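Notes to accompany the following structure.
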């Protein structure tokens with residue numbers, strides 16, 4: 001009899017077999033589920049506090065996705081040889097799991113909940129994010145914690161007009177779409193995607209297809225819960241204090257209505273603070289001992305009712321716009337004189353200063369991912385300091401939100417970047433959010449595209465992004481173009497769409513309620529396209545195309561090709577040759593395994609010199625050619641003469657002059673410059689040289705050392721011109 005009450009469910013999901021089990025591992029957690037998809041295995045656990053902390057006024061959900069290096073048969077690098085701070089991918093995947101789970105916890109549930117997902121085995125072809133999301137949903141479902149799930153998820157690709165369900169990494173390499181969709185049986189809750197300029201219809205079709213296919217996983221979770229689930233918690237939300245609601249409404253409602261007639265954010269924020277203070281004072285005067293959290297929730301509900309009612313009633317939005325109007329746009333390029341490219345993009349009260357920097361191959365980011373090391377030539381970093389919203393706060397390493405926003409903006413721009421062989425530079429974009437009132441990630445997309453063009457990056461098309469909102473009450477709904485921060489906060493769905501004139505490059509949706517249909521999403525995407533095209537028009541008017549010249553402060557680059565066998569000669573022993581080259585010419589030199597060499601410098605002369613010297617190092621000595629040589633060493637029977645970098649040959653004593661030479665020191669000395677002819681090269685690469693043959697061909701002469709400076713007379717005719725000749 002086993003000590004474990006192990007429950008296993010297995011199902012076929014597209015091309016993959018999925019196995020879920022609970023009851024054996026991590027039994028002291030509230031819920032624990034192992035998910036195995038073709039050898040990619042995750043352990044998902046959830047624990048919830050039995051009661052909320054005193055004064056808790058928000059739902060404290062924490063999601064940690066952790067990749068263990070042993071999952072891929074690796075040992076961590078670094079001094080301590082153990083996993084450290086989360087990688088960017090771990091942070092992004094944690095957010096991916098958090099977003100569809102958070103809306104499904106009941107209103108008023110303020111207990112701490114921690115979801116931890118460990119990747120314990122990885123098949124490099126099967127990404128772990130979808131198994132992790134399914135596992136987290138299943139762990140919550142079996143735990144009995146109040147949760148309106150389960151959630152399913154799927155990755156959708158698109159190639160040759162066909163949707164791909166949970167494609168492998170190899171299949172994703174040629175797919176025009178990478179879309180992750182998550183939701184419940186009845187509704188889509190989250191979409192995260194990157195696309196190669198696809199139409200709205202194709203994108204919506206992918207969302208619908210993904211929602212259909214995830215039902216297989218949802219049904220399997222239901223089966224797992226029936227056999228291995230724990231009893232549901234006996235939890236109910238605290239009863240509403242109707243007397244308090246009435247009192248707060250009496251004081252706050254007229255004041256809040258006044259506040260939401262103020263069009264400027266700073267004035268409105270100040271007024272809302274005054275309203276809150278007035279409510280607190282009125283309650284104290286009435287002798288009501290009210291909980292601050294409860295009062296705050298009532299105020300939030302009143303604000304939502306006012307804003308949502310105004311919009312659904314056809315009244316102007318918070319800042320006076322109708323539902324389709326984009327805020328005024330101002331664009332300025334070349335803002336920073338020493339930066340390689342820069343743009344200031346302002347849309348209403350949201351502003352991004354985006355700066356582009358061009359670098360060389362050595363500036364690429366090397367990412368030691370669980371599935372294998374790779375290099376990234378395009379980076380986008382998003383920063384939002386507290387002053388952007390008129391607040392004080394911590395300044396330092398990026399938070400999860402900043403990493404997520406930067407990733408979304410990056411995904412929007414990747415499809416229009418030139419290929420490596422067209423533009424060999426490493427590119428870094430930094431978006432500094434200097435003002436924020438909604439849609440700062442989409443401002444980063446617009447400003448990022450303009451900064452790239454200002455830097456001379458030949459992007460394929462302009463890319464613009466717009467953040468949309470949606471308010472749904474029964475059968476009535478309103479789609480909002482270019483939402484404000486308050487509209488995002490008080491709405492039912494926010495989605496961000498970025499793309500070109502030809503199609504969508506990135507789409508992100510977060511839906512807080514059920515009941516948003518395919519038809520509503522269709523209307524929302526059509527309105528988003530209208531807004532995107534309006535912004536694209538403004539951008540194209542400000543900068544029609546990328547600059548044809550790079551900034552004077554950006555490095556120039558040339559590429560050349562050598563035989564791969566010659567790479568070691570360019571590098572030299574212990575890197576001595578290439579180090580000397582870079583130092584003496586003031587260049588950066590990168591060598592690929594296929595023999596492609598990239599030389600970069602702000603000095604054109606330095607690049608040309610480095611190229612010339614590399615050509616000399618890699619040049620092949622040709623029999624019958626005459627070279628400038630330097631005597632390196634004298635021997636009894638001849639001399640060692642260098643004719644090319646790394647190419648030394650033997651000048652035999654019989655090949656110096658036609659007469660008999662008794663002592664070589666009578667004719668040659670170390671350091672002496674000579675014109676010598678290569679007369680033989682054997683299969684081992686040994687070279688035989690002749691001074692007398694060169695003299696005979698060029699018509700020069702040589703005198704004994706003791707007769708003066710022994711040097712061949714200059715030839716009357718020009719010698720054969722080679723790159724190696726020019727080097728000397």
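Glycine is treated like the rest: Cβ placed from N, Cα and C.
Secondary structure at residue 494 (Mg(2+) binding site), as computed by DSSP, is strand. Taken from Swiss-Prot, the feature Mg(2+) binding site applies to 488, 494.
What Swiss-Prot lists as compositional bias 'Low complexity' is 710-721.
Annotation comment: Swiss-Prot describes 555-614 as domain 'KH', evidence class sequence analysis. Mean model confidence of the domain 'KH' (555-614) amounts to 90 (pLDDT, 0 to 100 scale).
Mapped onto DSSP helix, strand and coil, the domain 'S1 motif' (624-692) counts 8 helix, 36 strand, 25 coil. Marked as domain 'S1 motif' by Swiss-Prot on the basis of sequence analysis: 624-692.
According to Swiss-Prot, the feature region 'Disordered' maps to 702-728.
Working note on the binding-site residues 488, 494: by count of other C-beta atoms within 10 Å of each C-beta, 494 ranks first. The helix, strand and coil residue counts that DSSP assigns across the domain 'KH' (555-614) are 32 helix, 16 strand, 12 coil. In the three-state DSSP reading, residue 488 (Mg(2+) binding site) counts as helix.
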